[in-house]
Structures are given as C-alpha cells and as structure tokens.
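**Q** The domain 'PH' annotation in TrEMBL covers 17-124. Under the heading substrate binding site, TrEMBL lists 26-53, LYS444, LYS446, SER524, ARG551. Taken from TrEMBL, the feature domain 'EF-hand' applies to 134-169, 170-205. For SER185, the entry in TrEMBL reads O-linked glycosylation site. Annotated active site per TrEMBL: HIS304, HIS349, in sequence order. What TrEMBL lists as Ca(2+) 3 binding site is ASN305, GLU334, ASP336, GLU395. Taken from TrEMBL, the feature domain 'PI-PLC Y-box' applies to 495-611. Positions annotated as domain 'C2' by TrEMBL: 611-740. Look at TrEMBL and you will find ILE654, ASP656, ASN680 tagged as Ca(2+) 4 binding site. Residues or ranges marked as Ca(2+) 5 binding site in TrEMBL: ASP709, TYR710, ASP711.
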Amino acid sequence: ICMDGKEINQGDEDLEFLLTGGELVKIRSRTWKKNRFYKLQEDCKTLWHESKKTFMRDQTFTIDDIESVRKGRQSEGLKKHTDPNMEELCFSIFFKGRKKNLDLMAASGDEASRWVRALEKIINNMRNLNRQQKREHWIINCMRKADKNADNQMNLKELKHFLRQINVEVDDTYAEEIFKKCDTSNSGSLEGAEIKHFYDLLTHREEIDVIYKQYALAEGQMSARDLLNFLLNEQREEATPEDAYTLIEKYEVDEIAKQKKQMTKDGFLMYLHHDDGSILNPAHKPVYQDMSQPLNHYYISSSHNTYLMEDQVKGPSSTEAYIRALMKSCRCVELDCWDGDSGEPVIYHGYTMTSKVRFKDVIQAIKEYAFKVRQAFHYVRDASTSDYPVILSLENHCSVEQQKLMAHHMISILGDALLTRPLGNTMPTNFPSPEELKGKFIIKGKRLNKLNAIFSNNSIIDEDTVSEEDEAADVKENGQKAKSKKTKMKLAKQLSDIVIYCKSVHFHGFEHARDNQDFYEMSSFKESKAFSLADTSATAFIHHNMDKLSRIYPAGSRTNSSNYNPVPMWNVGCQIVALNFQTPSKEMHLNQGRFLPNGFCGYVLKPEFQRSPSSQFDPGSLIKGPWLKRQTFHVMVISAQQLPKLNKDKAKSIVDPLVRVEIHGVPADNASKETHYIDNNGFNPMWNENFSFNIYVPELALVRFVVEDYDSTSQNDLIGQYCLPLTSVQKGYRHVPLLTKRGDVICSAGLFVHLMLIDAE
C-alpha cells in the first residue's frame, strides 16, 4: 500500500471504487433502515460515513479496526431484520473488540460483492505490510492529522502537535531546535525535502546504527561475508553463505548494493522487521509438528461457555461468539443445551438472565466457520482457521424429544463432516490422529452403552437414564439453583449414538480410571478439583492423560467469566484446558502464546515425556530425566517503537513505558523481571537493560513480554503484550510484535530485544 491515496488508486478499480464511495442502507432493526454515504479517505486507511446526528457530523473507523467483512445475511441482526430474498444485497463489517458490527445493504448483488471484494482487498494489503512499512504509514498518517490547514506544510505549532500525536513529549526548546535544523529555507514552515529531513531525523534508530557499524566492514556496507558473520555470531543461526545471499536478495532495497551482494542499513532494517528477524522462529509458523500421533497426545485449544459474549449472569448469548472463537483456531467449543419454548432446543447459561440462541443456528454457524479460510493474523500464516477436528462439548439439559432434535440438526447440518462411527471396520484401541480426523466434528457427551456395541448386532432401547454431572453439578457454586450430583437424566438413543471418541463419564480416581475406563471415556474436572489433583498426584495425572482425554473448566463462581491459569494444567498433560475466550486476560494471552506456533491450528504436540509410559515426570520436582535441560535465558530489552497513546482524549497525555519479561512453566521456572519506566516517551523509548532467567524444563516454558504505562498512584495500564513458547524463540537481535489486551495486533508498535539461550554445564 502506498501512503498517498492519490497514487494508490491509479489503475486499481477496487481502490478507486472505495475512494469514490457510495450510498448504502444501514440496518439496525426492522423499522430503522437509513441511507448513509460511505467512502474511503485519501489516507487509504480510514472509512468515513455520514451521520444525521447533529453532534456527530463525521464518523470514521480505520481499516485496522475491522476483524472481517462477511457477504450475505451472516450477522444475527441481518437474519432478524431482513428477508431471506435480500441475501445477495447484504453484507456486514465485524470489528475487533466489543464494537458492534455494521449491517449494510447495497442496491444490487453486484454492488454488495464489489464492496466486500474491495474492503477485503485493502484489509489484506494492510495486513501484509511489513513492520517497517506500517511504521512509515503510521507516522505519515500522524503528519497528515497534524497538518491542520492541509497545506502540505508544517509550521512549529503543527510540529509540536505532531510530536504529541506520535506519543513523544518534547520540550519547546528541543522542538524549536529540530524545526530550525530542518527549515533550511528559513520560511517558517517545513515542506517537501525539509519534511523528509525531519522524518529521517525522527526515525533514526541509534541502536541499529551501532549493530550495523559493528559488522559493516565493506566500505561502510555489509558484504555477504559480513552478514554471514552477523548471522553466525549474533543470531546464532546455522547459516551458510547461500543464506546470506538469499537475505540480501530478499530484503535489500538498493539495486546497486544488491548487484554487489551487499546489504545497506536500510536493507538490514528491512530484514530485522520481517519474519526472518522476528522473535518467532519462521520454521514454527506453519504446521511443523508430527500430526499423526493419537488425539490425546496434543494440547487442544478449548473454549468454555463459548456462546457468551460477556459475563455469565446477564450477558448476551450469540452465534458470533462461536465464530470468533473458531476464527482464533479454538478446536473445542461448548454448547449448553436447554429446552426451548418453541419446541426448538436453545443454548444459554441455565438459571441466569443470559439471552438464548437457537441450537440449530449455532450448529449452522459452526459448520460455516470451523474450517473456513480466514484473513490471517499478521504474526501467523495465511491459512484456514484450521483443518484439524473440532470437538463439540455438549452440556445436555434437554428433554428426550428436544435431544432427538439436537441429533437431527447435527446430522443434517454437519453431514459427512460429523463423525458417527469410529474410523476403520474394527473396534479401535486408541484415538485416531488429528491428521486422520481433518475436517471432522467430534461430539463429546453422554453415551448409553460402550462403543463396541456399534460392531455388534445388539440393539438397545430408544432411551435410558444416565447420571448427570460435569458442569451441571457445579451450578451450586454460582449461588444459583443447585442440583444433586447424583441426578439422573433420560438420554435419547439418537444423541447417544453420535458420541464416539469423547464419552463423558464421572471421575472416581486414577486407579479406577486405569482399571475400568476405556480410552474414549473422558472426565471433566472443575478447576479446584483439577488443581488439587495436579498438586497431590501430578505423575498419576500425567499418566492418566497418556491414554485418555481430560477437560478442565472454570469454577461456576467465576460469574464475571474470568479465567484460571492454564499453565499448571498443561504441565500435567491435560489436553482440553477450557477458558473463557470472551474475556481478555493474562490467561488468554498465555493460551494464545501456547497455540501460536504449529500453524496456529489449535493443536500442539505435548512433549515426549508427557507421552511416554516410562516417564516419571513431576512438574513440582526437579528429579533427573529427559525433561530436565537446564538453560540460562538472557534477555536484553533494548528499545520500543511507536507505542500507542492510551488516553487519546487528552492531547498532552504521553505514556511512561516499562517492559516486564515473564516466564511461565513448571514452578521452578516461573519468574518475572521488569525495566525502569521512561518518562513521557512512547515513540522511541530505550532501556538497554539485561535480565537472566534459569530454566529447568524449557519444553513447557512460555515467555511473555508486557509493556505497561507506569502510574505511581494506581495500577499500571497495559500498552501491549506478546507471548510464545521458549522453544519457538529465535536468538540474537529480534523484533517483538505487540498485541492488545484482546489479542489484536498493534500494527506499528514493537519491542527490540537481544536474546540468548545458553545450556548449563
């Protein structure tokens, strides 16, 4: 994307279409349907639309705010407020965070398709910019905003406004000094080359200069040999001369230098801002692990109360919540099913004021989005959500008649993708692999009989009673209607028959499970029970998870949909560690970090010592074993770039950033260290602080970087964060992208660090 809208639209019909704009119908209800004019502004980053409200004459939102654009009546609002024959005319813009989606209708199907195609194109272009381009794009946008009279010049007052826009506090004397240095024409304003000079002064990276000069020995530039030395000595890569040539060819911006097999400082900065210079190992971005192991050998990204958008007392239930979880590669979703008044089963949080959504609509949304191609997060790969299986975890409180409807809807809507019998023609003794189950839906729930009944001619009655536990027995913690843990419920044969590899059973102890449970019989543990077992019987819990699945869920007392720490559960090999995806939190950051590598596919292979029957691993003990690989992790926090302003309403509000580095893993590895804070500089703060961490079990360790705005009188505010497994960290000088609390990319912001992992003797 070019920074100047006038340049970008030349020869691009889709961009020209957006820049010209057009009238669409905005839909809020059956009766509220208003014509509104929408157009892309010339920065090619902001969409403007008119508003009839006198106090809101102009309304805008940025391309970065958009999560997705969906053609047709995909939103709940459009399904409710428009007729099915308007399907081709409708589309919706869905936003990141809690901003309400925008439901729109065009005059024709072709026009709707054109809006969707053009918007998706510009969204993809923005997401495909490298960090250096995003940085430039952001700065130039701030310059444009500071140019109040739009004369393409910048006077001293506008320059001061611009500096506040980019989150840097500069005293008047220094601002005047910069201004005079650049105002070579003495005209009292900067324009053309003078603005370019000012931009170069502003974006100068002293720390990059130091590194580059240290290795650029060929007439002030890096030769291929110099670059190879840098890759070997600093980045600790097993690089060859061919690798150095490849990087020069890939990132060098100067054609003459490229011909000489040299890398300029600009090319070097470009390399550091791309995947090869990122903290996340590029080899770990696609699916790189063995996906042919049994299903229970993987951690599985899992959601609790998936239907909720907010809290679990009076928050809304929505199909959109399922879509959002699936688009984040969640591979186990929960459906809390109850009898609906109209004869159709519904999903909601029982005995509360949460709204209800039809079971049938949820299954339809899951079918459409479970394996759907999505616009990738910039720190992941371009791919579908995931091809690997999705588990539907049923909390069944329905009557037999509505259970039959549940089974009917799943069979008719999911079709061949629904697993209705074991793979193969004989009774299995172990789980199939994620690879074998690609594109399949697996039902977790109660079953009336053993799985081997499928391979015999013994028929059973249409319904029977089964014990009801799991979360249904945990309602008492909510202070809501309590249920006896020994309640019985009738189960329809039709629903029982489609439970194949995930039959829910009550947990009676590890010894009982080993002697009496088949591999496909699994238990759910509320967090207090699971944490107690992890503390007192860690090795037994790990061995239980070597041939069975375990699901952990938050306590019912978490009425605000808060989360527990998932790390201790992963430490004992639990696969389905279910979290409230709708709640942005540190725990969700750790979940996002755990599943970031391996193609962000929702499945991560557990370490070998959590899969081998001979293992005696205990996360609370440091006894010798293949898991004990002592290392020292050295982190130098060098600098940050373009941290966002937190209080945008106050023009003079500038952040005071500090950086905290956290290790999350086995108890002996857990640690946290932080830098000092820097006064009034969110644009280019520099720390140059060194930390070291002793690591004992690196295969279970996660690294989390946290940037906060220091406040002496109250809790620090989060600016950005990033989390990844220690085993996916690249050594050397690396850029760390930053994400919001909700896990969305902050396009221009990042950290610059130096990392070393040294094996202990």
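Cβ coordinates are placed from backbone N, Cα and C, and glycine is handled just like the others.
TrEMBL does not curate its annotations; it predicts them automatically.
Given the structure is predicted, the values throughout are model-derived calculations rather than measurements.
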**Q** Select the closest residue to GLU42 (substrate binding site) from the following recorded positions, measuring between CA atoms: HIS304, HIS349, ILE654.
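**A** Nearest listed residue in space: ILE654.
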**Q** Taking the Cα atoms as reference points, how far is LYS26 (substrate binding site) from TYR710 (Ca(2+) 5 binding site) in Å?
**A** 42
**Q** Within 10 Å of the Cβ of ARG30 (substrate binding site), how many other Cβ atoms are there?
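**A** A count of 9.
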**Q** Give me the mean pLDDT over the domain 'PH' (17-124), rounded to a whole number.
**A** 88
**Q** Give me the long-range Cβ neighbours of GLU334 (Ca(2+) 3 binding site): same chain, 6+ apart, Cβ under 8 Å, in sequence order.
**A** SER303, HIS304, ASN305, THR306, TYR307, SER393, GLU395, ALA578
**Q** Express the distance between the Cα positions of TYR38 (substrate binding site) and ASP656 (Ca(2+) 4 binding site) as a whole number of Å.
**A** 38
**Q** Looking at the recorded positions listed here (THR46, GLU50, HIS349, LYS444), whose Cα lies nearest to that of ASP711 (Ca(2+) 5 binding site)?
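**A** Minimum Cα distance from ASP711 (Ca(2+) 5 binding site) across THR46, GLU50, HIS349, LYS444 lands on THR46.
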**Q** ASP336 (Ca(2+) 3 binding site): which of the recorded positions ARG30, LYS34, THR46, SER185, HIS349 is the nearest Cα neighbour?
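**A** That would be HIS349, the closest of ARG30, LYS34, THR46, SER185, HIS349 to ASP336 (Ca(2+) 3 binding site).
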**Q** Determine, to the nearest whole angstrom, how far the Cα atom of the residue listed as 'O-linked glycosylation site' is from the Cα atom of GLU50 (substrate binding site).
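**A** Counting only the Cα atoms, the answer is 41 Å.
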**Q** Roughly how many angstrom lie between the C-alpha atoms of ASP709 (Ca(2+) 5 binding site) and THR46 (substrate binding site)?
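**A** About 27 Å separates the two Cα atoms.
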**Q** Measuring Cα to Cα, how many Å separate LYS444 (substrate binding site) from HIS349 (active site)?
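**A** Answer for this pair: 18 Å between alpha carbons.
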**Q** Take the domain 'PI-PLC Y-box' (495-611) and count its residues per DSSP category (helix H/G/I, strand E/B, coil), listing them in that order.
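**A** Tallied per class, the domain 'PI-PLC Y-box' (495-611) gives 49 helix, 23 strand, 45 coil.
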**Q** Return the single residue from the recorded positions list (THR46, SER185, ASN305, ASN680) that has the minimum number of other CB atoms within 10 Å.
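**A** So among THR46, SER185, ASN305, ASN680, the recorded positions given, the one with the fewest Cβ atoms within 10 Å is SER185.
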**Q** Please identify which of GLU50, ASP336, ASP656, ASP709 has the densest Cβ environment, defined as other Cβ atoms within 10 Å, among these binding-site residues.
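**A** Compared across GLU50, ASP336, ASP656, ASP709, the most Cβ atoms within 10 Å surround ASP336.
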**Q** Once the chains shown are all counted, how many other Cβ atoms turn up within 10 Å of the Cβ of TYR710 (Ca(2+) 5 binding site)?
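**A** Within a 10 Å radius of the Cβ of TYR710 (Ca(2+) 5 binding site) lie 15 other Cβ atoms.
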**Q** Look at each of the recorded positions, LYS26, LYS34, HIS349, LYS444, and point out the one with the fewest other Cβ atoms around it within 10 Å.
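**A** With the recorded positions LYS26, LYS34, HIS349, LYS444, fewest surrounding Cβ atoms within 10 Å: LYS34.
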